[in-house]
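Enquirer: Feature list, courtesy of Swiss-Prot:
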DOMAIN    201-397  domain 'Peptidase M12B'
CARBOHYD  Asn219  N-linked glycosylation site
BINDING   His337, His341, His347  Zn(2+) binding site
ACT_SITE  Glu338  active site
DISULFID  Cys352-Cys376  disulfide bond
DISULFID  Cys354-Cys359  disulfide bond
CARBOHYD  Asn375  N-linked glycosylation site
DOMAIN    405-491  domain 'Disintegrin'
BINDING   Val407, Asn410, Leu412, Glu414, Glu417, Asp420  Ca(2+) 2 binding site
DISULFID  Cys408-Cys437  disulfide bond
DISULFID  Cys419-Cys432  disulfide bond
DISULFID  Cys421-Cys427  disulfide bond
DISULFID  Cys445-Cys451  disulfide bond
DISULFID  Cys470-Cys502  disulfide bond
DISULFID  Cys495-Cys507  disulfide bond
DISULFID  Cys514-Cys564  disulfide bond
DISULFID  Cys529-Cys575  disulfide bond
DISULFID  Cys542-Cys552  disulfide bond
DISULFID  Cys595-Cys606  disulfide bond
Amino acid sequence: MMQVLLVTICLAVFPYQGSSIILESGNVNDYEIVYPQKVTALPIEAILQPEQKYEDAMQYEFEVNGEPVVLHLEKNKNLFTKDYSETHYSPDGREITTKPLIEDHCYYHGRIQNDAHSTASISACNGLKGHFKLQGETYLIEPLKIPDSEAHAVYKYENIEKEDEALKMCGVKHTNWESDEPIKEASQLFATSEQHRFRERYIEFFIVVDQRMYNKHNNDSAAIRTWIFEMLNTVNEIYLPWNIHVPLVGLEFWTQGDLINVVSSADKTLDSFGEWRRRDLLNRKAHDNAHLITAMHFDAQTLGLAYTGSMCHPKYSTGVFQDSSEINIFVAITLAHELGHNLGISHDVPSCTCQTKACIMSPYLSDQPTKLFSNCSEIQYERFLTQRNPKCMINKPLRTDIISPPVCGNGLLEREEECDCGSPENCRDPCCDAASCKLHSWVECESGECCDQCRFKRAGTLCRPARDDCDMAESCSGHSADCPIDGFHANGQPCSHNLGYCYNGKCPLTLYQCRAFLGKDVVGVQESCFQYNRLGNTYAYCRKENGRKIPCAPKDEKCGRLYCSYKSFGDYISCLPCYRANEEDKGMVDEGTKCGEGKVCSNGYCVDLNVAY
């Protein structure tokens, strides 16, 4: 029997309900005062390390709404890279870079016991501060500033008074950059989201704090640092389902003035920041992605802006976002959203769903915090991985954790261990020998679509059915835990009852494109509307040549601007163009769309299938 030391800090638990209080998140209308009890059961070897202040795993007990809850916490070991650095500037403009020791940090992810859908992102630096999801509702917790007291406030997000109810939105900037490795051709295969989600990836992340942000927080770099660490801990929690880690490689404070022109136009600020990163920052510090956080209020209620599908690019792997709220989780969601654009994910349309009212990639900030990506986001991320092959995300940064001897049986996978499922009495992993923390000799696999009870599934077992006419079903090979990469039918094969032709695994139809652009109120597409594309005016054209809008020839008119029949509030519009002044290249008919029998759109022309493919 493993020797275990039980450490318990017993504190009185008196839940107290108050009517109103001013907390870090703002004025809170309804809250509870609780006194968490820390109960930690760890092997003696794991806790007797004098250099380690914060345990790898902890438990706290307290009450919410009069019911006891147990909060399980585990340290986020991928929050920092080994070479993490901070930069600020002296009054005479000199760059000063330090490498602070952050080997024993206090930022955790967690869950509530007996709630399978619970999540938590918590700082345990000075009491418990952060948020957790319990029975589908988001709660915030923070210590009260009472001397010699362990009192904490627990409150629902909905009980925070909101000062600004204006609709906030995200911008998105599309790129046409060519990656260092060419984008895979359309005939190549897509890999599955399952394969990619469960392969670990790392975005070595750099944050720049502009002078407005620095001044807004009273030039207190320590307070800003803590705020950013808490925010990034939540961003990491959001991306965990896709097995993406976002370790912080560096933090820079523009203490003496901005190094670019930060203006109210998010578009201009992003362009300047991307150019500065390419020209300056990358020459000083290796990283995969950088974002600027600013206290500037961007035009048009924009909270942030990022390039789409640009991860790993020297200029375009960037974003800018606003310090827009006292509520840390909301700024974290904004950053996670902008980072999603860098990963090739566009805004959700009405048909996209997740388990909450709004999803991460909604174009507008929801009045309820959400940490879930939609089904659409998952598909787009999957395609980005295959088409762009972002190699910078594959390398694993060195961890900053104190290297201590592995302790078999503590439930944490450490160096020299193949598995760790806890004590033999508690182990529920059939693949793991709990006594040695090694896999059983007969184990072929641990997880995967083609793995069952630690062995490969039989060859021919269906692991992914065909999604539609353009997709193909895949079966297990019998010698791998992974479902084979997702193949699709050749471009040009008829699909959707001959209404279209397959293109890159999809069946592009103008009706679906209209609904993606305008929403569920689209009622159809009237072919006669496409004759407007012969005009060659502001929005009606087939393509651009040297910035000039080229009118469509009659044979090409179905390959220019998209027109939709739309009905809303009783009004019917038959030829509504899909056009946005600030993104005029969006709303064109998609490549591969059928424009006649045996013909598809290609670069603004209607061409024969054998020419297109």
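Glycine residues also receive a Cβ, built from the backbone N, Cα and C atoms like all the rest.
Keep in mind that what you see is a predicted model, and the values were worked out from it rather than measured.
Tell me what's around each of these sites.
Expert: Asn219 (N-linked glycosylation site) falls outside any helix or strand according to DSSP and counts as coil.
The 10 Å shell around the Cβ of His341 (Zn(2+) binding site) contains 26 further Cβ atoms across the protein chains shown.
Packing around Glu338 (active site) is summarised by its Cβ count: 24 other Cβ atoms lie within 10 angstroms of its Cβ, all protein chains included.
In sequence order, Ser346, Asp348, Val349, Ser351, Cys352, Met361 constitute the residues six or more apart from Cys376 (disulfide bond) in its chain with CB-CB distances below 8 Å.
In sequence order, Ile360, Thr370, Leu372, Phe373, Ser374, Asn375 constitute the residues six or more apart from Cys354 (disulfide bond) in its chain with CB-CB distances below 8 Å.
Neighbours of Asn375 (N-linked glycosylation site), defined as other CB atoms within 10 A of its CB across all chains, total 14.
Shown for the domain 'Disintegrin' (405-491): DSSP residue counts in helix, strand and coil, namely 0 helix, 16 strand, 71 coil.
The C-beta environment of Cys408 (disulfide bond), restricted to residues of the same chain at least 6 apart in sequence and closer than 8 Å, consists of Glu417, Asp420, Ala434, Ala435, Ser436, Cys437.
With a 10 A radius on its CB, Cys432 (disulfide bond) counts 23 other CB atoms from all the protein chains.
With a cut-off of 8 Å between CB atoms and residues at least 6 apart in sequence, the same chain places Cys421, Ala434 near Cys427 (disulfide bond), listed in sequence order.
Other Cβ atoms within 10 Å of the Cβ of Cys451 (disulfide bond), summed over all protein chains shown, number 19.
The local packing around Cys470 (disulfide bond), expressed as other Cβ atoms within 10 Å of its Cβ over all shown chains, amounts to 23.
Cys507 (disulfide bond) falls within neither a helix nor a strand when secondary structure is assigned with DSSP, and so counts as coil. Cβ contacts within 10 Å of Cys507 (disulfide bond), excluding its own Cβ and spanning all protein chains shown: 23.
Cβ neighbours within 10 Å of Cys514 (disulfide bond), excluding its own Cβ and spanning all shown chains: 23. Under the three-state DSSP scheme, Cys514 (disulfide bond) falls in the helix class.
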Enquirer: What's the CA-CA gap between Cys451 (disulfide bond) and Asn410 (Ca(2+) 2 binding site) in angstrom, rounded?
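Expert: Distance (Cα to Cα, whole Å): 26 Å.
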Enquirer: Can you tell me the mean pLDDT for the domain 'Disintegrin' (405-491)?
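Expert: When the pLDDT values over the domain 'Disintegrin' (405-491) are averaged, the result is 86.
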Enquirer: Have a look at the recorded positions Glu338, His341, His347 and say which one has the shortest Cα distance to Cys606 (disulfide bond).
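Expert: Sorting the recorded positions by distance from Cys606 (disulfide bond), the top entry is His347.
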Enquirer: Which of the recorded positions His337, Glu338, His347, Val407, Asn410 has its Cα closest in space to the Cα of Cys495 (disulfide bond)?
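Expert: Minimum Cα distance from Cys495 (disulfide bond) across His337, Glu338, His347, Val407, Asn410 lands on His347.
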Enquirer: Determine the minimum-neighbour residue: among Val407, Cys564, listed as recorded positions, which Cβ has the fewest other Cβ atoms within 10 angstroms?
Expert: Val407
Enquirer: What's the CA to CA span in angstrom from Cys359 (disulfide bond) over to His347 (Zn(2+) binding site)?
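Expert: Roughly 10 Å, rounded to the nearest whole number.
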Enquirer: Please determine which of the binding-site residues listed here (Glu417, Asp420) has the lowest count of neighbouring CB atoms within 10 Å.
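Expert: Each of the binding-site residues Glu417, Asp420 was scored by Cβ atoms within 10 Å; lowest is Glu417.
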